[in-house]
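K.L.:
When I checked TrEMBL for this same protein, it listed these features:
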- 4-304: domain 'TANGO6 N-terminal' (DOMAIN)
- 305-568: domain 'TANGO6 HEAT repeat' (DOMAIN)
- 751-771: region 'Disordered' (REGION)
- 751-764: compositional bias 'Polar residues' (COMPBIAS)
- 792-816: compositional bias 'Low complexity' (COMPBIAS)
- 792-851: region 'Disordered' (REGION)
- 876-992: domain 'RNA polymerase II assembly factor Rtp1 C-terminal' (DOMAIN)
- 1084-1116: domain 'RNA polymerase II assembly factor Rtp1 C-terminal' (DOMAIN)
Amino acid sequence: MSAALIRALGLLTKPAREAHLSGAQTLQHEALLCALQKNQIEMREHLVAGGDLDEARQLLEEVRKEVSWFCSDTEDLTWSFVQECLLLLLCLARHLTSLLEAFNQDPCRAASNPRTPEAAPPLPPDVLSVAQQKTLGTVLQFLVTLGLCPYLAPGVGVGLERRSAFGAAVECAVRRDVAPPCERRLLVTTTVLMEVAAVSSLATLVFTRHLGDLMAALCQLGYRPCRPEGLESSKGVTVEERKSCREALQGLLGRVYQPIVIKELLVLQGGPKVAPGSGGKGGKTLTQTPPWLRRLCGQLLSERLMQPHGVQAVVRAILEGTGGGDSDWRKCDAVAKILATCPQQSLSAESYYRQVCPQVLELLHFRDKVTAGQFQRVATTAALTMVWDQPEFAHRFLLSPLLSPLQHCVAVSEAAHVAEGIPQEGVPEWELTRCVEDVYKIYVVGNRPSGTMLSALGDVVPAIFSLLCFTKQNVSHLRTPCQEILLWYLSHTETSSALSQLKGLCFLQGDGGGVAPGFQFAPGSEGGVRLTRREPISDEDDALYEKVSGEQWRVECLVQLLAEMKDSDLPGDFFLVLLQDLTDLAAEQQEAEQQVDTSTMTLLELEQHLVGCVHGHGQRLALLQTLAVMCEKLPHTLLLRKPTQVVGFIESLLHRACVGVERDSENAVESQTLSMGMGLIATLLSGAAQLSAEDNASMSRLLGPLKQVSQQHPDPFIQELASDLQATIATHGAYRPGSVINAAGWCGAGASTQRASQPKGQNTSAASASASSARTHSMCVDPLQPSQPSLGLLYSSNSFSPHSSSGSAASGPSAPQQNADHGVAESCAEMKEQAQGSACRPPHKDGELSVHKLGGMSARSSVSSAPGPTPQKNLSEWLLEACDPDVPTRAMALRALTHALREGDKEALETRDKVLMLFLENLEHEDSFVYLSAIQGLVVLADSFPEQILQRLLAEYQAGPNAGSISRGRSLETRLKVGEALMRASRAMGDLAPHYGRPLIGAFLSGTRDEDSSVRASCLSNLGELCQRLQFSLGPLAQELSSCLTALIKTEKEAEVRRAAVHVIALLLRGLSDKTTQVLGDVLLELYRALKWVVRTDSDEVAVLHAQLALEELDDIMRKFIFPQQKLEKKIVVLP
């Protein structure tokens, strides 16, 4: 019968061209009415004819008698047509419902359907074919067009005239002045459609296309204000019917997919006054939505929003289907502003934010790549807007739940403190991971700091830092988010808060711990971190070691974190605060030692006093440790970025000196440090750096300490210099005595060495001049013990201090060859200074470095220039300086000659024999700067003249200690240096190695029979470097090479030589790679057996390791040879 009913509906909606209309119609609405009338007559004739339509006719008559809304004497043809369609649809819905109930209650259905994998489930009786669905879709479209839309009030829903041109014909065809009333017609159509939608198969057809019209009808019937009795539009709807319509609307809104409901409500709420794309003044004005409908839609939207998952539904309704681009982020921001604003229909702002804020956080947890980015932007923007507009509610309902896992790490709840022996997690891995990721998204990605956000995050900074310290010891994906969160907080919070947090993190203020007592972080199973109970440690020494090592690791992690803040002044400010705290601790210790009298204390008071002393010593040790790590790990350009920080550093140094003077504990090292600091002030005042008004104002803080030093320091020179500096600062440089200029000169001379070691192009500032002073100050600031001068401190004081005595180390050597322990760092610095074009000075004799000589230097010497790579000298001068006894001068000359050869200097190439002799002679020098420069020169010569130079080097390499005369004999060390030159030359050959490498192989093979094991190992090392570059040229020598290596592996007594032989095989296999089977095919089995022999019998672990690595290389080669990689390629052969 379902097919018969649908066939009857098809007859009603048959197109006009098939209705056999008679005559031409002049108007469109007349043609429509004629077609509707013809279709009704034809459908009735078919029902009366009987046959397969008898059951449908009987059911139709039964339903017609049951309903009370059917009007048989209506004069409106459109409503008569709608009534017939509604009756047939109602018959179909009831018939499908009865069939479905019988199908579900049939006990034989399960027995007749065997539950096998290949058996399909039985088909429900309400399933419709595609053709039937198409017919019903047409019927529903006629019902909505003729029985629902014409009776909607203006502004309710989308009018027919906005949908198609057919709407005008419908308006003309409908007669509203005849029975039944318009409101009754709308109620009947809506009621029948809702009853039809109760069937699941029919509900899909109704809701997918006509949900908006149905919702508009229910809104009008249930919520439209009552009209006066005289108006026709208010007739026919009772109070009970209005109530039922409201209930039906609420049921419909809760039944349909919420994003679709929200879209339709937004459409019903109304759009712009002018039609889109109509072009302003000439546009067609749209009918405005009635105020009652706008209020109703707003209330319904607010209800949708405040439901569970309502925020997600609103976001999906607005953003679904967007393809990204400029409009995408604008929509995201608009949705975020909607979510952050409390609607007027809400009972209270507190209840609204209590319900919405958790849903906003849930938007951050989507993993779908398509929607995750949009949802994250909406959630971040909404959260930040809430924080700015409603900080109190945002802190309670948004930030506190967001940071709660980290807060639990700091203070674990009582429920987590279970009985001992029962393991329980304080915070699970997934919760902690989600928390860190959410904080990163809102704080770092959102990047809109506010006081509320910074205050909430500051409470959990210790926990995040502890988490960062743990992740730096393990592999975890939380390391980068934690570091970025901390950097964001330190960059945006106030300086005082940041400094307080930093002091707490390194245990200088408070406990500094970020984990609750008895708990610790542990690795998670998915690369995250979880908080677990700590196993008790019974051994006190182990517990103390773990505590000390943990604190040291936290300090190192903190310094690494500060090293990332390259564009911030915070590291320098923190450094200055620590120096000031160090001075204060020294003063407090002095006062405590002077005032405390323990003889009159009771035992309890004495115990408390000792505990306080121990705590104070612990604070001092933590402070010294932090300062030491900062001075070691952080560059001076980060610690002292601007002149005000340099002034702050000098101020702390002067205060430290004042404390030492008051305690009468000033020693030589502290006096030297103080003199360097005052020399740095003089350098700043002499114009080494551009000083602003703020910098000059900051220098006024030095007047008090300088005055105290000038009056109380025991050294007359320091007193005089402090007094002169005080006068210079007070007059803003107008008065500048000679001692200030001299101090700037010797301080600039000390700084020039450091500037010479800086990369080319780096700006020179006052901070660079204070580097050595900062290091020195950090080495001698321990208030607990007398300062011990270290190597770097002695070097600084002996080189630059005005108190250097005549017996101190000289600035340059006086012997032809400098002793190894005579200031290697000083020689290196002088050579770098000369390499960058500094003025060449003759070497001083012992005791000639004095204050007067340094004071005669110009103040401009403190500012480094930017010269070329080498000073401009003639080749003859470089040749003479290559024989100079001064080590830096000789090394500089050798490098200059190498540079000239590399650049193809004509004069240098013509005198290559003399240059070669110089390089060979300097190989015997014991200083590494000299002989390494000579080796580099020989490599460049060999690259330019390979045949001549390689033959000469081979001759020198083969000439042993007893070969011929003493002049040709070479020591063992010199031979190794020549071998190094040959090895580097073979590396530089590249593709020419097969041509020039044959003589080298012979020499290296001969060297494997040398009496000295070091020479044999050196020859094997050079042989491996050369052979891996010979490729197919190694083929004729493969047998000889294999025999040599195999014999050495099995007969050599020295472990170093056996290691080298095995390493040669590994280099051969690595260099030949895929060509191994072609080049070493005849000896490959022999080499394989030799390697296996080493693995099984050799007692040296290093040789065994080399053999295992070589076997792995051979295994990869043979796998590729036996199982070549499959390539999808097609060969095309051209036939002759």
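Just so you know, glycine gets a Cβ as well, placed from its N, Cα and C.
Those TrEMBL annotations? Automatic predictions, nothing curated.
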K.L.:
So what's near the domain 'RNA polymerase II assembly factor Rtp1 C-terminal' (1084-1116) in sequence-distant terms, Cβ-Cβ under 8 Å and 6+ beyond its ends?
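P.N.:
Distal contacts: 1042, 1045-1046, 1049-1050, 1055, 1058-1059, 1062-1063, 1065-1066, 1069-1070, 1076-1077.
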K.L.:
Using DSSP, how many residues in the domain 'RNA polymerase II assembly factor Rtp1 C-terminal' (1084-1116) fall into helix, strand and coil?
P.N.:
30 helix, 0 strand, 3 coil
K.L.:
Could you tell me how many residues in the domain 'RNA polymerase II assembly factor Rtp1 C-terminal' (876-992) are helical, how many are strand and how many are coil under DSSP?
P.N.:
89 helix, 0 strand, 28 coil
K.L.:
Looking at the domain 'RNA polymerase II assembly factor Rtp1 C-terminal' (1084-1116) alone, can you tell me the average pLDDT?
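P.N.:
Here the mean pLDDT over the domain 'RNA polymerase II assembly factor Rtp1 C-terminal' (1084-1116) amounts to 88.
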